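This report refers to the structure that appears directly beneath it.
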Amino acid sequence: MASRIAFISRISLFILALAMLICSAGLVVWGSFMANRPYDRQLKDVVFNYNSSEPLADDKYNLRAWIWSVYWSIYGLCIAGVVISIIGLIGAISRKKTVIATFLVLIVPYILIQFCGSITIWTKRQTLRRLIYRFANDIYLTNSLFDISIIQNTYGCCGVQNGSWTCPNAPPCDTSIFNSVDNTMMIAGLIMIPVLLFELCIISFSALILKTEPRVQKVRKTEENQDDAWVSQ
């Protein structure tokens, strides 16, 4: 019975680790694709323009900090997920408990980091909204024509809410920018949900393997000792 549970757990671990690998690798590819699109490069020309006047320069500095922290945190977690899932696949195939134990030791803090990071980003959502709204308002306040042209062409917007520069036939740019950023973060969050579920199931199956396989080996060893005893007699 224990050997059957271990066998089923190994098959389940292999399937779920493979699914985790596909999801994590997909996020890595998606993040690389988003970073290299001309659409994003135009926005980088705005945010990473170091020649802006105050107060727009401070807004861009804060946005750059947000971009680097969030992007590299998610990207790094996805790369770590690829590595950890590969270790899980090796453990499921090789039938080595040491590999399974290593995989379990790595994935538990990995899930905790993901969970804490998601909560942190969610709690900072209103801070990001205020930052983007202030950024859009300061673009028009400083009359930064280069930034205005890129923002309006990229988002199909014009002006800002409750500002001196408004357009009746186009959405305000502060709302459009935030909605675009918020939707991107929501997509990443929705993709992370099945990844977390896979990881929680993987922990259960890994624990079953570690719990049942030693018993199986002990029974086999006992049977071998009994066979040796019968032979000696």
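Cβ coordinates come from backbone N, Cα and C, glycine included.
No curator has checked TrEMBL annotations; they are predicted automatically.
Here is what TrEMBL records for this protein:
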| type | residues | note |
| --- | --- | --- |
| TRANSMEM | 12-33 | transmembrane segment |
| TRANSMEM | 70-92 | transmembrane segment |
| TRANSMEM | 99-122 | transmembrane segment |
| TRANSMEM | 185-210 | transmembrane segment |
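Annotation: stretch 12-33 has the most Cβ pairs under 8 Å to the transmembrane segment (70-92), among 12-33, 99-122, 185-210.
For the transmembrane segment (185-210), the residues of the chain that approach it from at least six positions outside its boundaries are 5-6, 9-10, 12-13, 16-17, 19-20, 23-24, 26-27, 70, 74, 81, 88, 91, 97, 100-101, 103-104, 107-108, 110-111, 114-115, 118, 121, judged by C-beta separation under 8 angstroms. Same-chain residues lying 6+ beyond the ends of the transmembrane segment (99-122) with a Cβ under 8 Å from its Cβ atoms: 13, 70, 73, 77, 80-81, 84, 87-88, 90-92, 185, 189, 192, 195-196, 199-200, 202-203, 206-207, 209-210. Below 8 angstroms of C-beta separation, residues 71, 74-75, 78-79, 81-82, 84-86, 88-89, 91-93, 100, 188, 191-192, 194-195, 198-199, 201-202, 205-206, 209 of the same chain, each at least six residues beyond the ends of the transmembrane segment (12-33), sit close to that stretch.
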